[in-house]
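K.L.:
Below is the structure I would like to discuss, written out as structure tokens.
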């Protein structure tokens with residue numbers, strides 16, 4: 001066993017293709033981030049954040065932001081549904 005063989009054992013196979021492995025990125029995350037920037041989602045997020053501030057500022061309230069959360073998720077997921085499968089391999 002020579003020095004080159006030991007180096008391959010310590011660093012891997014020595015194959016540059018294996019050393020240049022790309023980190024996999026979930027396409028769902030990428031598409032969601034893109035969709036969240038669209039006007040409809042931005043407005044829904046603003047309503048959700050406004051509701052959250054309002055509810056958080058009160059010590060006792062029965063109000064919650066469920067409706068605003070579902071509106072935001074619906075808007076985002078509607079956008080995602082149309083774009084996600086185009087980006088899959």
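Just so it is clear, glycine is given a Cβ too, placed from its N, Cα and C backbone atoms.
From Swiss-Prot, here are the annotated features:
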type     : residues : note
DISULFID : 35-79    : disulfide bond
DISULFID : 51-65    : disulfide bond
MOD_RES  : 40       : N6-acetyllysine
MOD_RES  : 83       : N6-acetyllysine
REGION   : 1-27     : region 'Disordered'
TRANSIT  : 1-13     : transit peptide
K.L.:
May I ask you to report the DSSP-based helix, strand or coil state of residue 65 (disulfide bond)?
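P.N.:
Residue 65 (disulfide bond) sits in coil per DSSP, no helix or strand.
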K.L.:
Express the distance between the Cα positions of residue 83 (N6-acetyllysine) and residue 35 (disulfide bond) as a whole number of Å.
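P.N.:
Residue 83 (N6-acetyllysine) and residue 35 (disulfide bond) have their Cα atoms 9 Å apart.
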K.L.:
Measure from the CA atom of residue 79 (disulfide bond) to the CA atom of residue 51 (disulfide bond) and give the result in Å, rounded to a whole number.
P.N.:
23
K.L.:
C-alpha of residue 65 (disulfide bond) to C-alpha of residue 40 (N6-acetyllysine): distance in Å?
P.N.:
18
K.L.:
For residue 40 (N6-acetyllysine), just count the other CB atoms lying within 10 A of its CB, please.
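P.N.:
Excluding its own Cβ, the number within 10 Å is 15.
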K.L.:
Provide, as an integer number of angstrom, the distance between the C-alpha atoms of residue 40 (N6-acetyllysine) and residue 79 (disulfide bond).
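P.N.:
Spelling it out, the Cα of residue 40 (N6-acetyllysine) and the Cα of residue 79 (disulfide bond) are 10 Å apart.
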K.L.:
Near residue 35 (disulfide bond), which residues of its own chain have a C-beta under 8 A away, given they sit six or more steps off in sequence?
P.N.:
41, 76, 79, 80, 83
